[in-house]
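See structure below.
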Amino acid sequence: MNQLNSFLIFNLKSILKDRITLVWTLIFPILMIIINFSVYQNSVKTIEDKEILLVQFWSFMTIMILLNGIAVEIANIREVGALKSYVMLAGSKYPFILAILVSQILILSISISVISILFMALFKLFSLKILLYAFIYILLIIPISFIFLVVTSLPFKASSIATISTILSIALFYIVNMQLFGLEWINPLHFLYKLGELIVLGFNHFSMMIPIIYIFYVVIGLYALLKLDINSKIIR
């Protein structure tokens, strides 16, 4: 536990030092809301429509923050050979990896809270229930956050993963509502959107695919954690 706390403080300090990335994480979704605000005003009328739109932004931020904050960050650290050093220092890879996951969940929590408050102000959707729903959503994200470790097994440089993940996050956001004869569930953002929709709108929006994919993500994520290679793919 002491090792986890030490690595968590270390990671949070590193995140705070990288102010550009931290600010961009918040600014980018805000810009998307503002740029498309006139379109949303015309198409989003009911409270349910507004809540569904907000959930879309939750899912987008989850993908963007955790993909970059977990997968890209670990790939970066491993690429320069630092991950192996941290593991040797701790005697296990788990304290450092878990510290990264916890730090990114904290960043995600803050980001979703800020975006939710801004969204409620812009769309006149004043309800404390929204923040409660956001809290429940984040709690449910924790067990499946390990799934992002799968990306670290890809044979690409960290810089390439970062570029691809940003482009992919935006692309997936704009097709999140597309119905593709069941293939839409392959889109992880669609799953996160449906999970958030279930929390906010209740069991009228339940699908058996949600618990099935949720369990699948948990199992694959834990397997990825166990099999995570600490050796740099660049430096030998």
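Cβ atoms are placed via backbone N, Cα and C, with glycine included.
A TrEMBL annotation is a machine prediction, not a hand-curated record.
If you look up TrEMBL, you'll see 21-40, 52-75, 96-124, 130-151, 163-186, 206-226 marked as transmembrane segment.
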The transmembrane segment (21-40) in contact with the transmembrane segment (96-124), cutoff 8 A, at least 3 CB pairs, sep 6+: yes
Surrounding residues of the transmembrane segment (52-75) on its own chain - C-beta under 8 Å, 6+ positions past either end: 15, 21, 25, 28-29, 32-33, 40, 44, 83, 97, 100-101, 103-104, 107-108, 111-112, 115-116, 119, 123, 125, 130, 134, 137, 141, 145, 148-152, 156-158, 161-162, 165-166, 168-169, 172-173, 176-177, 188-190, 192-193, 195-197, 199-201, 228
